[in-house]
Amino acid sequence: MKSRLLFLGPPGAGKGTQAARLCNANGMSHLSTGDLLRSEVAAGTALGQEAEAVMNRGELVSDALVLAIVESQLKGLSSGGWLLDGFPRTVPQADALEPLLDELKQPIEAVVLLELDDAVLIERLLARGRDDDNEAVIRNRLEVYREKTSPLISFYRDKGLLVSVEANGSVEEITQRITKVLS
């Protein structure tokens, strides 16, 4: 199974849930930029306060801030594979990530794109009840996602790394689909 992965998909597609399942089953490190940012916010750090204001508007945190967090996490890993969830989200972020991965001799092996309908996404996001999940913010996040991430999908498709997975259905069904495309 491939062990250096990126997960792409709109908010609510199940990236975090599926990443955790895949990592637990295969001894990989799950690097979720959303979780890392939320922990900075909870700790009340300067970076956390900056990130909180941006996230509350449904916008993306700066590339420099997220890349610094990701770099620190990747350099801190002892061994085994990893799964990046929530980064990169834009082509400039992907361009910034590549030299770091080259330096670490850990190139991406596959990019998993989780796809599903907006109605299901909105329903899932409202149901999970996070503070930054209200319908106006969710719709803005979906718009930002499409605007920023569509070119990234093409970027990884052109590199032959992209695999699409239908993210409707039960958690277990989606996990099985992902495992199948990565084997």
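Using the three backbone atoms N, Cα and C, a Cβ is placed for every residue, glycine included.
The secondary structure of A13 (ATP binding site), as reduced to three states from DSSP, is coil rather than helix or strand. Residues annotated as ATP binding site in Swiss-Prot: G12, A13, G14, K15, G16, T17, R128, G169.
Just so you know, the Cβ of F87 (AMP binding site) picks up 27 other Cβ atoms within 10 Å once every protein chain is counted. Under DSSP, F87 (AMP binding site) is assigned to coil, being neither helix nor strand in the three-state scheme. What Swiss-Prot lists as AMP binding site is T33, R38, E59, L60, V61, G86, F87, P88, R89, Q93, R130, R141.
Per-residue pLDDT, averaged over the region 'NMP' (32-61), rounds to 84. The region 'NMP' feature in Swiss-Prot is assigned to 32-61.
Long-range Cβ contacts of the region 'LID' (127-133) within its own chain (Cβ-Cβ under 8 Å, at least 6 residues beyond either end) map to 12, 55-56, 58. Here Swiss-Prot flags 127-133 as region 'LID'.
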Chain-internal residues near G12 (ATP binding site), provided their CB is under 8 angstroms and they sit 6+ positions away: V120, L121, I122, R124, L125, R128, I138
Structural state census, the region 'NMP' (32-61) (DSSP three-state): 22 helix, 1 strand, 7 coil
Contact set, same chain, for the region 'NMP' (32-61): CB under 8 Å, 6 or more residues outside the stretch: 16, 19, 69-70, 73, 84-87, 89-90, 132, 136-138, 140-141, 144, 148
Minimum Cα separation from K15 (ATP binding site), reported as the residue among binding-site residues V61, F87, R130 that achieves it: F87
